[in-house]
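Undergrad: According to Swiss-Prot, the record shows the following:
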DNA_BIND  18-57  DNA-binding region
BINDING   Gly92, Val93, Gly94, Asn95, Leu96, Gly97  NAD(+) binding site
Amino acid sequence: MNNEPTKIPQATAKRLPLYYRFLENLHASGKQRVSSSELSEAVKVDSATIRRDFSYFGALGKKGYGYNVNYLLTFFRKTLHQDELTKVMLIGVGNLGTALLNYNFSKNNHTQIVMAFDVDREKIGNTVSGVKIENLDNLENKITSDVSVAILTVPAAVAQKTADRLVNAGVKGILNFTPARIAVPEHVRVHHIDLSVELQALIYFLKHYPL
């Protein structure tokens, strides 16, 4: 198995966790092999795209046989660094932040929120699902070197200022749930998740592109 890092298109990289989750389900059900058409039906990605995605990693399957589920699962587990725990911090413990803490990636044993911050004096010091809520004023003193990813669920008005503090503290990745489009240096990656925008887009497609 090739363990060298492979540079792949970002669109492909975003689909890898989707493949991995389905492969986990297949493995749990005892299935030993799967075809690209079966994968396509399950993850709603056309089979040609799946084959192209997989081709970036070399020969992962055999023509006429398909893919060995256990082999693929092991391969993508290593590719997605699922053999190691990724510690994450949460900034903002409002309704969404609290929901994320309660969920805390329970279906993914390799990602875990280990610290949370807020400015609300009534929340500071409380514990939600085993995670103590710290004072955001103490952010820089509390961040440890093994936590380089942050989830941002603060009000949009303070999103950029908070992101600046995270970057200065050494954070390398931010999952931004705020409506603000935050600016960060080139060495920091941000993924924006705006639930309102996603819902508006869904409604638009339902009205203009009915199935």
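Sequential numbering from 1, following the chain as shown.
Using the three backbone atoms N, Cα and C, a Cβ is placed for every residue, glycine included.
Relative to the rest of the structure, where do these features sit?
TA: Sequence-remote contacts of a segment are chain residues at least 6 beyond its ends whose Cβ falls under 8 Å from one of its Cβ atoms, and for the DNA-binding region (18-57) they are 2, 6, 8-9, 12, 65-70, 72-73, 75-77, 79-80, 82.
Less than 8 angstroms from the CB of Gly92 (NAD(+) binding site) sit Phe117, Asp118, Leu152, Thr153, Val154, Pro155, each of them six or more residues away in the same chain.
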Undergrad: Around the NAD(+) site recorded as Gly92, Val93, Gly94, Asn95, Leu96, Gly97, what other same-chain residues have a C-beta within 8 angstroms of the site's C-beta center?
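TA: Same chain, not in Gly92, Val93, Gly94, Asn95, Leu96, Gly97, Cβ within 8 Å: Leu90, Thr98, Ala99, Leu100, Asp118, Thr153.
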Undergrad: Counting other CB atoms within 10 A of each CB, which of the binding-site residues Gly94, Gly97 comes out lowest?
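TA: Looking at the binding-site residues Gly94, Gly97, the Cβ with the fewest others within 10 Å is that of Gly94.
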Undergrad: DSSP says what for the DNA-binding region (18-57): how many helix, strand, coil residues?
TA: 29 helix, 2 strand, 9 coil
Undergrad: By the DSSP assignment reduced to helix, strand and coil, which category contains Asn95 (NAD(+) binding site)?
TA: helix
Undergrad: Let me make sure I understand the structure: which of the binding-site residues listed (Val93, Leu96) has the fewest other Cβ atoms within 10 A of its Cβ?
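TA: Across Val93, Leu96, these binding-site residues, the one with fewest Cβ atoms within 10 Å is Leu96.
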Undergrad: Give me the long-range Cβ neighbours of Asn95 (NAD(+) binding site): same chain, 6+ apart, Cβ under 8 Å, in sequence order.
TA: none
